[in-house]
Amino acid sequence: MKTRSRKRGAAWGAALLAVGLTAGTATATAAPAPPLSGSDGERHTVTLITGDRVVVAGQRLLSVTPGPDRDGISFHRVVRDGRLHVIPRDAARPLADGKLDLRLFDVTGLVDAGYDDAKRDTVPLIVTGDQPRSAGLEVTRALPTIGSVAAKTAKSETAGTYQALVRDPGVRKIWLDGLRKPSLDKSVAQIGAPTAWQAGYTGKGVKVAVLDSGVDQTHPDLAGREVLERNFTEDPDNSDLVGHGTHVAATVASSGARYRGVAPDAQILDGKVCSLSCAESWIVDGMQWAADQGADVINMSLGGTDTPDVDPLEQAIETLSARTGTLFVVAAGNSGGPETLSSPASADAALAVGAVNRDDSIAAFSSRGPRVGDGAPRPDVTAPGVDIVAAKASTAEIGTPVGENHVAVSGTSMATPHVAGAAALLAQQHPDWTGAQIKAALMASAKNNPALTAFDQGTGRVDLARAITTTVTADPPSLALGLQRWPHDDDEPTSEEFTVRNSGTTPVTLDLTIDADGPGGAPVPAGVFTVSPTTVTVPAGGEAKATVTADTRAATADGGYSGTVVASGGGGVELRVPVGVNREVESYDVTFEFVDAAGRPATDYFSLVIGLDNDKFLLPSGDGGTATARLPAGEYLVVNEVLTDGVKSAVLPQPSLRVGRDSTRVVADARAAKPVSITFPDPNAQPPTGDLLLNRNRNGRPLVAIGGIYAGGFDTVSLGHLGPELPAEDFTLMVNTQAAGTPVGTTPVTYRFSWVEHGKVPTGFVRAPAKRELAEVRSGFGPGSTAKTYGFGGFPVLPNGLGGFGIDTPVTSPGRSIDYATASPGVQWLWSLAQFQDGRIEAQLDSPQRVLRPGRTHREEFNHPVFGPGVPASPFPYLARAGDVIGISLPLFGDGNGNAGRSLTSSARTTLRRNGTVVGETTSAGNGRFTVPPGAADFRVETEAVRSPGVSEFTTAVGGAWTFRSDTVPGQEFAPLPLTTVRFTPALDARGTAPAGRVLRVPLVVEQQDGAANGRVRGVEVEVSFDDGKTWRGVPVVGGAALVRNADRAGYASLRAKGSDSRGNTFQQTVIRAYRVG
């Protein structure tokens, strides 16, 4: 059965549409490794488009507060592959119907983009359809090319704006205005540019638009090349703050003597659409501008995860290409592996460019086809993209320096301008050609690598020497023969015609054959692809037609088949036309039926379906109490929710749906669910919150977590199970609820309950724990500030670090709190103190995960100096390596009580050195991920940070350095690396002060990262400073403690420690203003 459309309804890949400029190195195609510890530490508040406010710490959802007039709304969260989504119940249907962009609820992505509340007070949108009529929506720019507007709504008004937009029948789609972040010597000769130059083609008179991070036109290599510039970002000018755009522009049109661009006489239109990141509306606006300015070629070295939908950038390429004839040359992406081609390279009209090494072998990072949704062959061509040397911007630097004015960078970003430059030379040679004709000529003349498939390389590496002489082209230059639905006993052959054109002065006779590859590069049985006729004669200035037929009945394996029509003739004439067809893997139409509590077809319902054997993440769509979804055979986790009378919510998860020939129907009947009822020992405990969290595991590894959050508690919630019971280790359900109790004097009291069910979801859930069954946790808080507010939370977690959310109890610091918590088997507790200023989180401290005992009293202490680096026990590593990626996530502001700590900083830097050479650097406090060369080497991590003014009088600045040796770590799991820290734990008064002029004993607590190859610490040297680190003097260390004689005057003491272990690893750390002297 044949299907041709790229669209598949509301289906998304789990990675979603996280996007970046495509310079860089290879990224793993397997599921991402577990997060580093720090990625689950720092708190962020995010207001969703619905007006609901979410507080998160990495993957952990800490709390959800419904927006104005949204009391009683429930939420679903999904944790998968390191990403957290929070979906309000009333957004599920618009998502399923395709009216909402799922990225609007990708909390991880929103934080990564800087869209959290601390950094932005509006939600940026692209609204497609009629001019939206909504109070609170401010239109920021028109995007007529795609029938849309860019707009923003104040987070204080998003709830009303959201309701108006989703109810407006003229609004077709509400997109997040997402961000795309800024991610030649031998290479120019590799594509045959010198031959074209000798023929007189240098790009003279041709306009090439570079839509990127700006172009440094002061660079000598680019003198006189830029003829027009426009800034679409919020930066004050076109300065290249990243260095990416300058490098790209120089690859196109550098006039340098040594590092000459492909089209050294081309004119550059500098469209700055990226700062440190790039809003999609800026990019679309830049595309419109470049086309309107008469650009012959538009270079876009940017991209992101493709979906079956046509997104705004893809739509803009199609519209502008058809209207103006310009050619968009777009990077294929740097994700490597099959079916990773990025958007907007996936647009039909785009010329999608992959990257090759200098020997024309495919670069490991280069994204490959087939295209998502229809199996079309992509990329179209390849070009050099590894260690490309070009101009360095004076205001920024990426890559590896080569002399003073150039850098070497790798990525499909670097391959793309080679092709844009090549297109400029053809535009000069053929000024009457359209972009489509230039694309066809570049594809027709590319040099094929027989070791690669069409899904790897398209037609091959661009070859200008052939391109300027080629006279034979194909239209269209590639063929997508669609998707043949499973089962294949009713498949019918599908055909596409293409036209061979001959612009030469003599007829050309061509023999037509097909080279083909099956799934995974396997041989293709005879008859899968045929071409007819097998010989064509194309008259001079004329054309001939041929037809390619795909007959998947002849195939034996399911999956994507790629091929190339090879048209060869005398005199070395050769034309290649990529073809592709997708023989769908075993798949089924699954029906979901919903019945309310009265036994009627439900009117308010939804399902979340998560693939456990694939990357499916979808909300099936349908009316009348039913929904359908096309699913490949395999195992899925499904959460169904059915509402009755708009109030009663029946939650009916199916932890294991095995889609197959005998399993294509799910019935969610609310009558099969029973109430959830939890009673607190304190009848005045208010207001309760409810949280259900389902965890699916396999072989001990978490696959996915889905949860329901009920801001008003469980009063209207019932629970039931669908499908088979699973082994206890493969499925858990956490039932969590918390409420504020009656204070004891001025000490707040909070009840925090959590239970774990294994193997199946219970039918109903009733608990009424007595106070004697609970653990009592008494917590104390050290010196703080009356100008600050503090919140203390307790969060139930599983041993693997996943867990439920909680409520922040208002406390004072100094001060105390009392918590009564369940001590359920399999549940641990993480305690967290957060410091706020005007509602903004300034600092936080997180305890290690604790095991509680029923009827016992446990004590916790927080916020006592000295603050500094620490590595308390954690299920996630702080310093680790996976493959050749080293990740650092080190909390630099832990307290003297052994809690991990983080803080707002005014400046920070983290650097990784390999054998003494800088590998990379970030401006983040103790955080970074760096790709390193394979093999063993000596490494040094350096970090320093200055606290933001007013956060704390203690540890106003901190720094550290650690050395270790590391080799490539096989696989994708992060393996801990050696890491040692020293905590200073002196006895201080309630204000963090030690007496002046006296000897203070400072016990040293040495911590080493769990699971790492640490050696035995040989000793620790300690120094003290009383002038904020200007001068230092050593102090004796006796019996595991430093003996510090304090200065005779009031002030602050700073401390510094260093040491090594028996395996040669070293450590040193510095804390400025460790404690007060007075």
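Note that Cβ sites are derived from N, Cα and C of the backbone, with glycine treated the same way.
Owing to the predicted nature of the structure, the values given are computational and were not obtained by experimental measurement.
Per TrEMBL, active site, charge relay system is recorded for Asp212 (among others). Its own atom aside, the Cβ of Asp212 (active site, charge relay system) has 30 Cβ atoms within 10 angstroms in the protein chains shown.
Under the three-state DSSP scheme, His244 (active site, charge relay system) falls in the helix class. Sequence annotations record features per position, and here TrEMBL assigns active site, charge relay system to His244 (among others).
Under the three-state DSSP scheme, Ser413 (active site, charge relay system) falls in the helix class. Under the heading active site, charge relay system, TrEMBL lists Ser413 (among others).
TrEMBL lists 203-460 with the feature domain 'Peptidase S8/S53'.
The signal peptide feature in TrEMBL is assigned to 1-30.
Comparing the active-site residues His244, Ser413 on other C-beta atoms within 10 angstroms of each C-beta gives the minimum for His244. If you measure from the Cα atom of Ser413 (active site, charge relay system) to that of His244 (active site, charge relay system), you get 9 Å.
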